[in-house]
Each structure stands twice: as structure tokens, then as C-alpha cells.
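Student: Got a structure here, written out as C-alpha cells. Questions coming.
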Amino acid sequence: MALLQLEGIGAHYPGAAAPVLENINLSLGPQQLLVALGPSGSGKTSLLNLIAGFVTPSGGRITLDGSAVEGPGAERGVVFQDNALLPWQDVLANVAFGLELAGVSRSEREAKAREMLALVDLIGFEQRRIWELSGGQRQRVGLARALAADPRILLMDEPFGALDAFTREQMQELLLQVWQRTAKPVFLITHDIEEAVFLATDLILLAPDPGRIAQHLQLDFGRRYSAGESARAIKSDPGFIETREQVLASVFAQRAGEQRA
């Protein structure tokens, strides 16, 4: 059964000539890792912002566990590309920050923060300052902070976009490990086709003007990694390469159609 349901969702910003999104129908349930891919202007970030409750749809309905989404909530954890960490706090305090705002006792929130740091392989970094961390380590802290509140679903806005290729692949592997261990549904947006194909159980390709779902693919490469196959072996597999090229061709077709319009 779906935890998150989007029915006929549209988004139209004041002053815009056309809708940003139109007639989006989606569901997200247990053991799903849903990835949205598309060219700039296809509404990927707008879609995530609607699910997060940062903006209100102009049409349609978003529900989580049957209740309407009407604003941000702790049941939706968000990880951004710009991780928005607090540079004057150490790693432990950053991970525990949301719990502190929620009134959780210091001993409880620090215990939970340490548990999440273990999950993202950052034990021993508790007292480090944010400026002492690499880009990948900062994203691990951001992921741990989002998970500390025990959200029902995890929303990720191009979380690995600013990382180098080696660190990006490490973070992709870490995300799949966390996804497998926590069983939390994930909605992630990216510009990276290989990343999308590798991670997704469900991949939606968004077309622009207005943003709409052009394709919905069901994939199993991430599940294969979770079952013990290496990332390098999967990404070198002929089936993976063929799927990646098919998705790339679809993206180019969307861009060509946009230019002709």
C-alpha cells in the first residue's frame, strides 16, 4: 500500500505563462526508491517542494498515510545538495539539531545522533566542525540529520550533484545501504542518468513545458547491489548500459521536442 499519493497534481506560479507541473499522478510505498529525472525546467525540484509541503499545489491532492499534505512535517525528511549544516556546531550537534527543536532530551537526542552517525559510517567524527569535513562527509551528516527524526519517507534534492565522481559513487552505495537497512521509501531527483538508473526501483522521466511524466520505468539494478553485487559490476553490465542509453535517448528526444516547439 502506498504511503504517499499524488493525484492530478498541478503547479502554477504567479506570473508564469504556463504551469510548472500538470496532472502528476504518483505513489510511493515501502521498499521503493523513486527517482525523478529530466532536463532543466521539467519541474523536478518543484515536485519535491510540493511533496515536502514547502509550496501548495494549484490543483490535485497529495496525501501521506491518507492525510492531506498541507505544509512541512517531520514525517518527511529532506536532504539538499546544499546541506545547510550549522558551521558553528560540531557534527553531533548538527545531527541532533532537529531533535533539539522538537524538545527531545539531550541524552536521548545524542544517543539517536550517534546511532545515525554509525548508520552513515561517521563514528569518530562527532566532535568535528563542519568546515573540517569533505563534501561527501558533509552529505553523510545531512543524511544522518534527516534520518534522526525517523521520517516516514526521505526526500533528496540532487544530494550528490556537487561531488566528484568517486565520492558520488561512494554516496550512491551508502544510500542503497541505508535504504536497505531502514526500509524507508526514498524520492530523489537528479540530473545524472547513470545515477538514476543505478539507484531507482522506479524511474520517472519528466518532460518540460509543462512538467509532466513522460515515462515510468521499473528497474532492479539497485536491488542487485543490495543483494551483494558490486556497483562496478552492475554499471559494467550490458543490461545496465543498454538501459542507460535508452534513458539518455529519451532525455535527448525531450530536449529536441522542446527546441522544436
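From the backbone N, Cα and C atoms, a Cβ is placed for every residue, glycine too.
According to Swiss-Prot, the record shows the following:
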- Gly38, Pro39, Ser40, Gly41, Ser42, Gly43, Lys44, Thr45: ATP binding site (BINDING)
- 4-233: domain 'ABC transporter' (DOMAIN)
Student: Looking only at Ser42, Thr45, which of these binding-site residues has the biggest number of Cβ atoms within 10 Å around its Cβ?
Tutor: Ser42
Student: Including all protein chains displayed, how many Cβ atoms other than that of Gly41 (ATP binding site) lie within 10 Å of its Cβ?
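Tutor: Total other Cβ atoms inside 10 Å, all chains included: 15.
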Student: For Gly43 (ATP binding site), what is the secondary structure state per DSSP, taken as helix, strand or coil?
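Tutor: Gly43 (ATP binding site) sits in coil per DSSP, no helix or strand.
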Student: Long-range same-chain neighbours of Gly43 (ATP binding site), Cβ under 8 Å, sequence gap at least 6?
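Tutor: The answer is Ala11, Val20, Leu21, Leu206, Pro208, Pro210, Gly211.
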Student: What other residues of this chain sit with their CB within 8 A of the center of the CB atoms of Gly38, Pro39, Ser40, Gly41, Ser42, Gly43, Lys44, Thr45, the recorded ATP site?
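Tutor: Leaving out the recorded residues gives Ser46, Leu206, Pro208, Gly211.
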Student: Using Cβ-Cβ distances, find the residues under 8 Å from Ser40 (ATP binding site) that belong to the same chain and are at least 6 apart in sequence, listing them in sequence order.
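Tutor: In sequence order, His191, Pro208 meet the Cβ cut-off.
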